[in-house]
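Visitor: Have a look at this one before I ask anything.
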Amino acid sequence: MLAVGAALTVSELLAAVFDVPESPLLAVAQHAVDLTPAPLIKPIIDLVGTADKPLAVAVTVVVLLALGAVAGRAWIERRQVSLTLVGGFTALGTLAVLTRPEPSAAAVVATVAGAAAALAVLHLLQDRLAEDAPDGTRRSFLVGAAVVLVGIVASGVGGQLLAERRRRRAELERARASLDLPLEPTSTPAGADLGIDGQRPWTTPNRDFYRIDTALSPPLLDASEWSLRIHGLVDREITVTYDDLVARGLTEAWVTLCCVSNEVGGDLIGNANWSGVPMADLLAEAGVQDGADCLLSTSVDGWTCGTPLEAVTDGRNALLAVGMNGEPLPVRHGFPVRQVIPGLYGYVSATKWVVDWEVTRFAEVEAYWTQRGWGERGPIKTQSRIDLPAPNSTVRAGQQVIAGVAWHQHTGISAVEVRVDEGDWVGATIGEVDTVDTWVQWSVPWDATPGRHTIEVRATDADGRVQTQERADVLPDGATGWHSVDVAAQA
Ligand SMILES: Nc1nc2c(c(=O)[nH]1)N[C@H]1C(S)=C(S)[C@@H](COP(=O)(O)O)O[C@H]1N2
Ligand SMILES: [Mo]
């Protein structure tokens, strides 16, 4: 019976992990219902009403437990019988999951893994009872049985929690989809995207937007449950609900978000159109007191972020965002509400699932990553990246294009230059953007001669500062250095 218990919990757990539409146990129970003769069904339904599903599952489990008892008794002296029973039921289970309306390979894997768990338990426990085994005693059997039981309970609970979380996630996705937000589909500003074949788009689609956070799986927080408490060095504490927030009217801004862990040439960066409410408006309403220099924001899962207050209140598009590229914020990007502040790396600015603001002083608090050795303020550094040709690729000799992106959010980029094999720097064409808060696309034509080449890029920001060549590691406050790419050109 323990073997059957193990088989069921392992298969249910795997079904939950793989997110199969119907677990093997449910599939078998459903078949049992379908195979029950009609004259029997009616009185049963009259008797148990809507509890027929749980009843079918319970009966299936009891039958399986009984068969498990038979297989268990037979294990030592008539192992063939045992193996036949287990094999037969694995085959039946497999058939059951394959003949349901939504069959899946994962459900078969879950079934077979369950059978393997049953065999493992039979082997582990019965051999402990065998008279010729060295430790074949009742005590050793009981210890083994207890271990198996704990395993069954643990994986049973784990499977249920997982299934519960999936249901909650699906519910949240439905609520998110039916939110009535004044969001318009966004389109990339004319001229921003150079439209070069193979170049990643100027606007990063939500599904391709990098995701960085400390959450094992994203917090599930409904808009109706959300509120933001603003406290600390303020004249009056306020609490804002989602409806309050949206009722203020939404501002839109293009902002490129970048992670401090982005290596030179890395792709932990994305550009989106964000819709939200200026963070400064909410702070003004609470009334920031003299001496405060830090906004400590906390997410619903306890992650903290320290932002220079100046960056929030100096007039830039620092938003409490509810929309991303024309749709409600995706769950993994902070639904229902997150911060977006141009000019700062994400870890000091972009709190997702944000629920608490404390207006304070840097001298008094330390945020999550600062406690772990990362810089306190985290301003963005000028960077540029070559996307085409791809690193270590081979291109056809002749007319080619070198293209990429460059960024220094909230300062802007004024020039991008490229050189091949340490030759002269050549100025690149830069995509038109009417904001200093996003990256720019750039490109230069290249007449590639046959052979190996090294391409380098450097950007100049809108203050006229040329991107430094000096290599710095991402720790503690962001990488520097020129991106360079090796390619081969073939005639
Ligand atoms: N709640 C929460 N917000 C967070 C983080 C986090 O770990 N938890 N990580 C930050 C970091 S380091 C970055 S780079 C950005 C990434 O945002 P994205 O996942 O939407 O791209 O989110 C920021 N916001
Ligand atoms: Mo980050």
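Quick reminder: no glycine exception, Cβ is built from N, Cα and C everywhere.
Model, not experiment: these values are computed from the prediction.
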Visitor: Could you check which of 83-99, 253-269, 270-286, 355-371 is flagged in TrEMBL as transmembrane segment?
Guide: 83-99
Visitor: Which stretch from 55-76, 83-99, 141-163 shares the most C-beta pairs under 8 Å with the transmembrane segment (105-125)?
Guide: 83-99
Visitor: Work out, from DSSP, the number of helix, strand and coil residues along the domain 'Oxidoreductase molybdopterin-binding' (218-363).
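Guide: For that range the per-state counts are 28 helix, 60 strand, 58 coil.
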